[in-house]
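The structure under discussion appears below in the form of structure tokens.
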């Protein structure tokens, strides 16, 4: 008896399931399961989908606005806007539209690397910055006077003349408040302080100019003092007028050419030699 004489029956299930060619084919059918490096490694337990669903169910849900509350809020907002004037209402609507456009642009181009600031928003911001810069800053005692354009733009002789006129008008107007403080606390010390950077020749010219001013002031004060006295003159004196030499009015009886008759003897030689005494 030999092995060739034996008959082997082929199982009927071989037609439905193909025969594996190698051990690799067996593992290839189960691609979803990872291959363990050793038989001792335990397979990790897969998370149960039921646990994730239960956690999601326990999470608090955001309350969605009720349909009845939304029209009421919109109605109140519209009523507040309607109470404003046209200019303010248009400005609010324009800002709301701009904000809506920015939000839509951010949602649309958020992941494409587009600049975050919208061109319209950038233009609006630049306009507000220019308006803020154009407004003059409030002046205080701590504000440096050198920041004034009259000082910062000093270049030509005309600029210095304009500065001199502005300072003279502003400083001399303070004399009306207190002439004593103006003279003793401002003018004299100011002339001394501003003369320090000057040369000796310039100081001499300043003294000569002040001497001319002093003589003019003396003449004006003397004329004002004499004007108060009736008949006063600018040359001084007590203010009295000199009497003019005039003839007394004796009437028509006394004339130069009239002959006067005294009623006596005109012969003054009637005395004798013995009538001497």
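Glycine is treated like the rest: Cβ placed from N, Cα and C.
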| field | Correct range for region 'Disordered' (source Swiss-Prot, candidates 236-256, 257-277) | value | 257-277
| remark: Matching 167-198, 199-230 to Swiss-Prot annotations, coiled coil lands on 199-230
| query | For the coiled coil (199-230), what is the mean per-residue pLDDT, to the nearest integer? | reply | 92
